[in-house]
């Protein structure tokens, strides 16, 4: 293909996807793919300037205005930003600006997170908000004044004094993660299609023709620059302008800071990247700006972006790949999970070849076929998932995904209980797949913690029909274990020793090891502390069970069902006959004041000085109820390093947040 034809095809594709992104709010490509196409276009135009045209996507920003809104003209164009994708490109940015300044050099930068929302312009005249517009194509946007007036954090009248007669504030409208989750939860309850991501939700909410709908959406706003300034002056520092705007009532991102060198900028980037998942909003990089306004003016602009700013993008969290097949896996409780087998793709810092498809409803919602090009997303430690399908790229030989009616492991009939989204194999431990997963759970670190008995060993034990129930594990001898692959006499004896050591456990660990549906570590600990004996738990009524913290109607029914099953009773009896035991739990002395009595607390993140289980036990001794998730009933969140979505939700709900040092101080006192 000739260079001209390549350029034409790139322009056509970029224009099409810009329209899908900016106008229809229904992007088909992940941002990283669009960025790559744009970088390819820029490179070709740089090498062959004779082929550059005025209608090239490199010469404009965004898309056309929607027909449903009146238009606003931007007196000062609302431009986009050039991107950097690595440290070398950031170094080149610094060199470019310093080479252009010649006599001056940049010694101060203003850095802020790059919010993933919708750029807007707010015009204040005599302190009153008179107009709000989208960026549109940079020169012309959509008049969204009535919708913006519904966003509570945007002042309709500026506070304080000293603001210019005409002041244009530019910033990003976005939807916080917690608000996005709540919005989608409501949509699902009403059987409506949920939004794909917070950016789409923010854009869709802001572009409602009925502002009453916008008013119901949890939108927020951060200022990031100014445009028109008439009848007054602002500070000569970009950062200090943020402070001015904040004093006048306009929100400023709390992560904005000044950096005194490019080394500081790189450290800032790394810090924000590491804390990305804990922030209460979606970001896709950081924006670095020359802090001095006079130097900004000297540097000026190119056609589509300022020379004095750059967006340092994070590694892509979304990428395009192909769905090659779907494998149906059987979990410990019989749940059938469809797993997408993908063409390997590097995304979110790792190579991904598998992704969850959750259940039959999710497959139907996505409308995905084997052979489809799909958008895969991996954020933080979240399991990779398919978020959408590029239907325009569907091949003619694509195949619909057929959900199984019988168990792929034991051929038993599958069942789906009314009101549940999960399809299950109800064969229990008769099913080899469930048996494997149940035994893996039983010996896991948070359960009986049997060192040396890993997943591969458990799978061999089941495949060779050496073990059927958890009690059978304690009948194994070193001699028997040596028949397994890669299991020598010394390793075999170590496993036997670990099994004997695991017999001495705690009631909460034992309860957790049994694999009762929806009974996690925290719930098991709360049950043990509340009832104090296994007999009391197994004979508890529904009414008694729901008195326990973290135990609702559904969990109570699972517990009742588990202990009423004769097979489960036999498993517990055999385990005790094999010597599995635990110390008695001492009842709390109610005469002694409990500093955290009836407080609902949650632990999240990495603790360096405390073991998580020890911290939980100590908190419970102080009267706290340790929950597994943050809700409006949570009193305190103890957040370690790299705390993620729980921290964001706690901040959104106004929950008290303490760090590990404060936790240790409470425990010591």
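Heads up, the Cβ atoms here are built off N, Cα and C, so glycines get one too.
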Matching residue for the NAD(+) site, where Swiss-Prot names 31, 32, 33, 34, 35, 80, 81, 112, 135, 172, 313 - out of 5, 193, 289, 341: 289
Rounded inter-Cα distance in Å - residue 431 (Zn(2+) binding site), residue 33 (NAD(+) binding site): 43
Where residue 81 (NAD(+) binding site) falls in three-state DSSP terms: coil
Inside 8 A of the center formed by the CB atoms of 407, 410, 425, 431, which other residues of the chain have their CB, for the recorded Zn(2+) site? 330, 334, 406, 408, 409, 411, 412, 427, 430, 432, 433, 434
Tally every other Cβ atom lying within 10 Å of the Cβ atom of residue 33 (NAD(+) binding site). 19
The rounded CA-CA distance in Å from residue 407 (Zn(2+) binding site) to residue 114 (active site, N6-AMP-lysine intermediate) is 46
Mapped onto three states, the DSSP assignment of residue 33 (NAD(+) binding site) reads helix
With residue 289 (NAD(+) binding site) as the reference Cα, tell me which of the recorded positions 114, 410, 425 is the closest one. 114
Per DSSP, residue 114 (active site, N6-AMP-lysine intermediate) is which: helix, strand or coil? strand
